[in-house]
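This report refers to the structure that appears directly beneath it.
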Amino acid sequence: MQTPVFMPVGTQATVKTLTPEEVEGLGAQIILGNTYHLYLRPGHELVRELGGLHGFQGWKKPILTDSGGFQVFSLSDINTIEEEGVTFQSHIDGSRHLFTPERVMEIERALGADIIMAFDQCPPGQSSREVATQAYERTLRWLERCRTRFAQLPAEDPQGPVQTLFPIVQGGIYPDLRRESLQATVDAGDWDGIAIGGLSVGEPKPTMYAMLEALQPELPERLPRYLMGVGYPDDLLEAIGRGVDMFDCVAPTRNGRNGAVWIAGEGQVNIKQQRFRADAGPLDPDCDCYTCRTYTRAYLRHLFVAGEGLCMRLLSIHNLRFLVRLADTARERIAAGDFTSWSAAWLARFHAGRAARG
């Protein structure tokens, strides 16, 4: 896997509306699955029986699974957080479940992803210092339990790729807590990568960037850095400039299903706008995706207004390719030594297009 890299999200063992072959054709090197959702449905044991996530969904490249911590804290109307773990209510049928660090490791091992995430406590955005401290300290205690159980469990396929465990740094919106969490996490083990969690959860963007700046000097250079749940184009470039390597976000497909697309010189636009009704141009003249090479803005608008499902697929294809290609270009510019100037010019154009439309 080459970095920087954008990782499409396949929450339910699918990148919504697209086939694995289509996702691979967009240049994706790795995709995500979600432990919370796959545990509830269809169940990790069934996935194990049917070949793990790779065999179950027909994806031959690497897969990363989130631990489900964010969903446990954000999707469940009723959850109880204790040192043992989190008891939560299923958003599907209301049944009660307990996620402990050990249980999450067992589930993720069964799912069989190549990279699995430790179970963490993700506090709400802009939590108080006290809440952020409690969350990061508990995350560290849970990390030790995750590491112990992970080491005890045999790999699902001894002949297959080696599974690796990433820890998660917390600390809320407090730079000193972020640094404390990072240092304690690095000291806790010999990791193959490190994740930054608890950002892009309601705090202003400048605050998120400030947290990344606080961490950047302390992050071990040998470890890939994964910023969880972040992937809007401007955030991606701003974070790469602050040392981040890996990104994921549901926005490309979620926005696509709602008619929103990213265009290099225009920012984010909605295809249903009247100005596209008779526009015979491509969606994004700078994009090489199937959608932009094949269809006009007028046709895409017609599909969306008519409620045709094809539009969701075509816009998702564009948005995903947009981010995959943006990360690829950033990698090229880093290698060429001019990332900073290129990124500044790209962001200025992106924001200027958005500002021009009001």
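Backbone N, Cα and C define each Cβ position, glycine as well.
Note that the structure is a prediction, hence the values are computed from the model and not measured.
Of all ranges given (93-97, 253-257), TrEMBL attaches the label region 'RNA binding' to 253-257. TrEMBL names C287, C289, C292 for binding Zn(2+). Of H302, H318, the residue it gives for the same site is H318. In the record from TrEMBL, residues D66, S67, G68, G69, F70, D120, Q170 bind substrate; the candidate from G43, G198, G202 listed for the same site is G198. Summary of the Zn(2+) site environment: with the site residues C287, C289, C292, H318 set aside, the chain residues having Cβ atoms within 8 Å of the Cβ mean position are P282, L283, D284, D288, Y290, T291, R293, I317, R321, F322. Beyond the region 'RNA binding' (229-235), the same-chain residues lying 6 or more positions past its ends with a Cβ under 8 Å from any Cβ of the stretch are 6, 70, 197, 199-201, 205, 208, 247-249, 251-252, 262, 322-323, 326, 347, 350-351. Per DSSP, the region 'RNA binding' (229-235) is made up of 3 helix, 0 strand, 4 coil.
Long-range Cβ contacts of the region 'RNA binding' (253-257) within its own chain (Cβ-Cβ under 8 Å, at least 6 residues beyond either end) map to 8-9, 15-18, 268, 312-320. The recorded positions D66, D120 differ in how many other CB atoms lie within 10 Å of their CB, and the one with the most is D120.
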